[in-house]
Protein chains: 2
Amino acid sequence: MPEAVSRPTLEAVAARAGVSRATVSRVVNGGDGVREPLAERVRRAVEELGYVPNQAARSLVTRRHDAVAVVIAEPESRVFADPFFALQLRGISKELTAHDNQLVLLLTEGRPDHARVARYLAGGHVDGALVFSLHLDDPLPGLIRDAGVPTVFGGRPHWSEDTRDARPGRAGEGADRGVVYVDCDNRGGAHTAVRHLVDLGRRRVAHIAGALDQTSAVDRLDGYRDVMADVLGESDPRLVVESDFTPAGGERAMRELLDRCPDIDAVFAANDLTALGALRVLRESGRRVPEDVAVVGFDDMVPVAEQTEPPLTTVRQDIEEMGRLMARLLLRGLSEGRDGEHPAAGAQGAPGRGVILPTSLIRRASA
Amino acid sequence: MPEAVSRPTLEAVAARAGVSRATVSRVVNGGDGVREPLAERVRRAVEELGYVPNQAARSLVTRRHDAVAVVIAEPESRVFADPFFALQLRGISKELTAHDNQLVLLLTEGRPDHARVARYLAGGHVDGALVFSLHLDDPLPGLIRDAGVPTVFGGRPHWSEDTRDARPGRAGEGADRGVVYVDCDNRGGAHTAVRHLVDLGRRRVAHIAGALDQTSAVDRLDGYRDVMADVLGESDPRLVVESDFTPAGGERAMRELLDRCPDIDAVFAANDLTALGALRVLRESGRRVPEDVAVVGFDDMVPVAEQTEPPLTTVRQDIEEMGRLMARLLLRGLSEGRDGEHPAAGAQGAPGRGVILPTSLIRRASA
DNA sequence: TTGAAAGCGCTAACAT
DNA sequence: ATGTTAGCGCTTTCAA
């Protein structure tokens with residue numbers, strides 16, 4: 001297989017078309033200000049020579065890269081293993097592609113990688129970054145902020161000071177104004193799920209929470225509490241167990257719950273995987289689902305939710321759309337930054353801090 | 001948040017260190033041929049200024065990008081949705097990172113994207129490509145070949161003319177010599193799985209094949225046939241059904257199989273998801289697993305395989321390692337291409353055509 | 001061992 | 001509307 005041979009340059013195209021480099025450049029970049037017959041000649045020359053612009057040369061002068069970094073921290077964690085990220089990436093990819101941007105994927109595992117990523121971003125290799133921050137104590141988001149790269153976060157960062165972070169004493173504390181992020185309505189979705197259980201007549205509704213160092217877990221817990229407080233005046237703290245978003249964790253939590261309160265008549269699990277574990281323990285314990293205990297999950301990971309026994313009622317979020325939206329927000333911010341507007345605002349401009357996507361309840365057999 | 005401010009240049013570092021640009025360049029790139037005291041001064045200046053080389057400028061002259069494209073065709077398909085790709089990406093990412101290369105992710109959906117990807121690769125934006133080709137009729141691999149970019153394939157391409165493609169009349173036909181690819185030992189893994197079932201005393205062993213336009217499905221089928229022919233002299237064609245790697249497909253196939261041959265005493269499913277569907281139908285039909293029918297899957301997608309009832313015996317492949325290996329092969333080919341050697345060989349050099357990773361049987365309860 | 005200088009291929013002022 | 005020209009920041013001969 002041949003090495004990449006030297007590609008034709010602008011110069012070559014210009015020679016072939018009998019025009020100057022500037023003219024070719026104009027045609028190649030949108031071509032306004034060039035009379036049609038000439039433009040056509042140039043286009044033909046481009047075609048004949050198979051000319052493709054050298055991006056490096058172009059970036060050198062424009063200081064743009066038409067490339068965006070996607071940073072995913074700790075791919076070991078559950079998140080990367082489930083279809084979640086695949087879908088999100090797909091959404092991001094579609095949007096970037098539609099705007100002729102490339103996707104540079106940065107996966108990190110641990111500290112040394114953080115520095116590497118920060119350096120890369122600070123190095124101005126990409127025009128912006130889409131960052132998935134997962135854990136409360138993750139230093140990466142901070143580093144990235146410091147790198148001064150326009151950024152949109154996936155999932156509410158813990159320092160977002162958003163009002164939906166209902167925990168007193170946290171909101172606003174050390175927070176940044178103007179952080180742009182996209183998330184699904186975790187709290188609202190949880191609300192819907194628990195409401196559904198309550199509407200079914202259930203009163204002893206337990207919650208298996210996710211890892212509470214992730215905002216999604218916290219928000220879902222808050223949504224659960226909203227309803228419980230609303231309906232029952234107060235929620236029995238014994239009905240909540242923290243878990244870790246995994247099936248094994250779900251099993252452990254369910255056992256603990258059953259141990260504490262054998263009279264549970266419903267469970268809202270922080271995600272579908274957790275629900276999977278819970279279902280198994282419920283079955284082992286001789287309880288029928290949904291007759292004895294109704295179960296609702298979160299995520300609607302279809303391959304999982306449809307295959308459980310019974311099929312899982314769960315809260316769906318449009319994951320691909322989240323990805324697409326993140327990319328759109330970033331690109332919009334970038335182009336605004338370029339077009340003057342609020343040059344200093346970059347991606348963190350007008351659109352406001354966070355965009356929350358709606359969720360919906362998918363009813364199957366488990367509740 | 002500030003826009004990316006103008007970063008310090010080589011020039012600035014040179015001025016600060018009181019040396020020429022050339023000297024700084026030397027130090028930054030490995031620094032041989034520069035006396036220690038000077039080199040040290042340069043390093044300090046780099047440090048103080050927070051200098052990061054401008055990759056565009058560098059690429060412009062070196063014609064290298066230290067970037068590799070990962071092309072994944074049809075992310076709609078099952079492949080992208082399951083943890084498979086996430087793991088593979090992780091392996092690739094680790095290896096690339098270790099060699100200071102960036103990962104440019106190219107996801108495609110359909111024809112228009114093919115052209116786009118081909119153009120991108122031909123445009124010389126990256127040094128090489130890692131390509132996942134899935135389907136027999138996928139034009140992408142061919143386009144990529146024509147683009148003249150050093151490439152390593154993930155999974156045996158259908159035109160690999162490898163000897164493990166046992167189907168007569170196919171081998172060699174229109175094939176390329178020297179295609180580099182990495183795959184797991186699909187045929188051997190299938191062999192092991194079926195052998196295991198036979199060793200358990202099963203004789204009516206059925207196979208639910210994957211989509212036979214993918215080489216992995218074909219190779220697994222071949223492995224199954226190897227053993228059946230070996231043990232029973234010949235395999236009953238009614239024991240094989242083609243499916244599609246999905247749980248729903250597995251259900252359909254299992255029904256069909258049960259219909260044709262109610263006396264089946266074992267099933268080898270093309271992957272774990274298929275096995276999942278098969279298990280459900282088996283249970284519905286009143287058969288016990290493994291007592292009445294033993295079941296073996298393929299992939300060892302842990303979250304699935306451990307959660308089935310009963311837990312699934314399956315063939316494991318080291319997916320992350322496959323990714324890592326692909327990247328390693330490509331980078332090696334690239335550096336050989338650069339260092340002279342067989343400049344024309346590029347990534348398709350000495351290492352030979354395909355690298356096949358071993359598989360292993362993970363025994364759980366289903367067989 | 002170090003420095004000076006010539007581009008890499010492109011865009012964007014500025015001329016015409 | 002088109003051409004001329006001056007770099008973008010870097011590596012890499014070539015000279016010293």
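Every residue number used here counts from 1 along the chain in the order it is shown.
Cβ coordinates are placed from backbone N, Cα and C, and glycine is handled just like the others.
Predicted automatically and left uncurated, TrEMBL annotations should be read as such.
Over in TrEMBL, the protein carries these features:
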DOMAIN    A:8-62  domain 'HTH lacI-type'
DOMAIN    A:122-224  domain 'Rhodanese'
Pull the DSSP breakdown for the domain 'HTH lacI-type' (A:8-62) and write it out as helix, strand, coil residue counts. 38 helix, 0 strand, 17 coil
Tally the residues of the domain 'Rhodanese' (A:122-224) by DSSP class, grouping H, G and I as helix, E and B as strand, and everything else as coil. 33 helix, 18 strand, 52 coil
Averaged over the domain 'Rhodanese' (A:122-224), what pLDDT does the predicted model reach? 83
